[in-house]
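Feature annotations, courtesy of Swiss-Prot:
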TRANSMEM  10-30  transmembrane segment
TRANSMEM  57-77  transmembrane segment
TRANSMEM  91-111  transmembrane segment
TRANSMEM  121-141  transmembrane segment
TRANSMEM  143-163  transmembrane segment
TRANSMEM  170-190  transmembrane segment
TRANSMEM  192-212  transmembrane segment
TRANSMEM  242-262  transmembrane segment
TRANSMEM  267-287  transmembrane segment
TRANSMEM  313-333  transmembrane segment
Amino acid sequence: MFFMNFKYHWFIYFLITIFVLMMNSNNIFIQWMLMEFGTIISISLINIKSTNKTPSLIYYSVSVISSIFLFFMIIVYLSSISFTKTDTFNFMVQMMFFLKIGTFPFHFWMIYSYEMMNWKQIFLMSTLIKFIPIYMMVSMTKINSWTLYFLITNSLYISFYANKFYTLKKLLACSTIFNSFYFIFILELNKNMFIAMIILYSFNYFLLISFLNKFNIQNFNFMFYNKYQMYTFLTLMFNYSMYPIFLSFVIKWNLIFMMVSVKAYNWILFLLMISSMLMIWNYIIILKRVFLKMNFYKNNFIDDKDNKYMYHSYFALTLLSFNISFFITLNFL
């Protein structure tokens, strides 16, 4: 058990190191090699402590297909052929990256895999394993109007598509696919803001996943032990959904500010706001069920004075105060 934990944590450190090296390299071929090393480590991480090997096989198959095409495209790219300067070649390369990160229309494999993964695997798939190909895609290709059309279509489609699922894992899979637009577009506009976003996003996502993993929450039929545990879940969900007054909303707010300053992005901003409201509505549906269950089962809650879950109230209050304080500091002072 100790060896498994040691190997698991070292693989994560290797993956972080690969991502840092990629951000400090301008050579496309070196970035591709680092991405492939990251893929090997990612498959190992998905397999560790997992009895179900299907998600790793799916991810391996998708990675092999995209990597083979990317390898030949990189060779053509480095040969300086005039075809590589065209929008067609640019879009073909981007489609291979979209396949790897599971965006529309290649989203089915990711949503299907999330249902079979545990929470630790979902955290890795939604953060480190996703950031590496996104960074290389923005480094290698040009984010033009066709890319923006495709990304905004992905956001609108996923925000509607997520409404049909009744499992928490599939909803988080759709949420991860939806957030791909933010990662790609922010990286294109401002690299420093992208780094700040992935750190904040990973931290918030880690808190949410740790909570779900600790209490073994798998679907919408969960029941909380007390109201403080429920308040913690509500705070984590609002924070993850980038809801106003929470620190995570600052990233979305800054992106909106940058898009408003460029009039060419106004139509994208309008569609993004619509898709964002639809996605937040999907989160609110979860919270509505939590409130309904709270009212129905409130008599079954454990006595607050005698239970060991009292610390959740302090955690929720601290997290909420921290978010509001930083939100006010960064935007009004």
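Backbone N, Cα and C define each Cβ position, glycine as well.
Pairs of Cβ atoms less than 8 Å apart link the transmembrane segment (192-212) most often to 242-262, out of 10-30, 57-77, 143-163, 242-262, 267-287. When Cβ distances are compared across the two stretches, the transmembrane segment (143-163) makes no contact with the transmembrane segment (57-77), since fewer than 3 pairs at least 6 residues apart fall below 8 angstroms. Counting Cβ pairs under 8 Å to the transmembrane segment (57-77), the stretch among 10-30, 242-262, 267-287 with the most such contacts is 10-30.
Counting same-chain residues at least six beyond the ends of the transmembrane segment (10-30), those with a Cβ under 8 angstroms from any Cβ of the stretch are 37-38, 41-42, 44-45, 48, 74, 77-78, 124, 128-129, 131-132, 135-136, 139-140, 195.
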